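What TrEMBL annotates here:
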- 7-34: transmembrane segment (TRANSMEM)
- 54-77: transmembrane segment (TRANSMEM)
- 89-110: transmembrane segment (TRANSMEM)
- 93-220: domain 'Phosphatidic acid phosphatase type 2/haloperoxidase' (DOMAIN)
- 149-167: transmembrane segment (TRANSMEM)
- 174-193: transmembrane segment (TRANSMEM)
- 199-220: transmembrane segment (TRANSMEM)
Amino acid sequence: MTTKREIIVALASLAAIFFLFEFTNIDIFVQNYFYDEVTQKWLLLHQKGTLLDMLFYTGIKKAIIIFGVFILSLYLYSFKDSAQRLKEYRSGLLIVWLSIAMVPLIVGAIKAVSNVPCPYDCKYFGGEYPYIRVFDSMPQEIVKKFKCYPAGHASGGFALMSLFFLFKERKNRFIALGVAVLIGWSMGLYKMLIGHHYLGHTVITMILAWFLILVIYKIVK
């Protein structure tokens, strides 16, 4: 199903989208719609314990972790003689579990070194710092280290795109893929609405997640 060519296409798409956002002001243009210059507030205010927090931040993160543990349990159980029906799904379960574990880990590692400020840090949106992209030089007087690129929160949701490789029927594969993309974007859009990420951060995370999932698929298969 997945070929070396598809991995190369995913990597090329990742590079193209990266440079698109790196050398344009699309992020600022889009983010303006989520910030009220009059009140100097974002469209949503992130507050722990609220319904929105449970649905799109704290709660969904915990749900994905629990789901990952569930997938790992099914994978381990598939080795038992009493789990004959699970054996045909064994490689798919491993792909999903590795994706849920590795995609956020790799995205988090990139965030740790990218040193890119969040929208709420930016002077355009009431912050203290200039608009800095990956290839921009950080002013020497700024000693703070930023960890905002790419979108780490949404990476957990986009890791679920690996469910595409769990199902056998084409229809079910694309349903799973669509649901995963919806979950990832609901998480990513929430972070955009509260000023934590730009559009480009989330788009890059989605494509990077799919690229990593394809690599995991090739290794496992």
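Note: Cβ is positioned from N, Cα and C throughout, glycine not excepted.
Below 8 A, the CB atoms of the transmembrane segment (199-220) and the transmembrane segment (89-110) form 3+ pairs separated by six or more positions in the chain. Spatially, the transmembrane segment (174-193) is adjacent to the transmembrane segment (54-77); three or more Cβ-Cβ distances between them are under 8 Å for residues at least 6 apart in sequence.
Helix, strand and coil counts under DSSP for the domain 'Phosphatidic acid phosphatase type 2/haloperoxidase' (93-220) come to 88 helix, 2 strand, 38 coil. With a cut-off of 8 Å between Cβ atoms, the residues of this chain six or more beyond the transmembrane segment (89-110) that come close are 64, 67-68, 71-72, 74-75, 78-79, 149-152, 155-156, 158-163, 165-167, 205, 208-209, 212-213, 216-217, 220-221.
Remote same-chain residues near the transmembrane segment (54-77) are listed as 46, 48, 83, 86, 89-90, 93-94, 96-97, 100-101, 153, 156-157, 159-160, 183, 186-187, 190 (criterion: CB distance under 8 Å, separation of at least six residues from the stretch ends).
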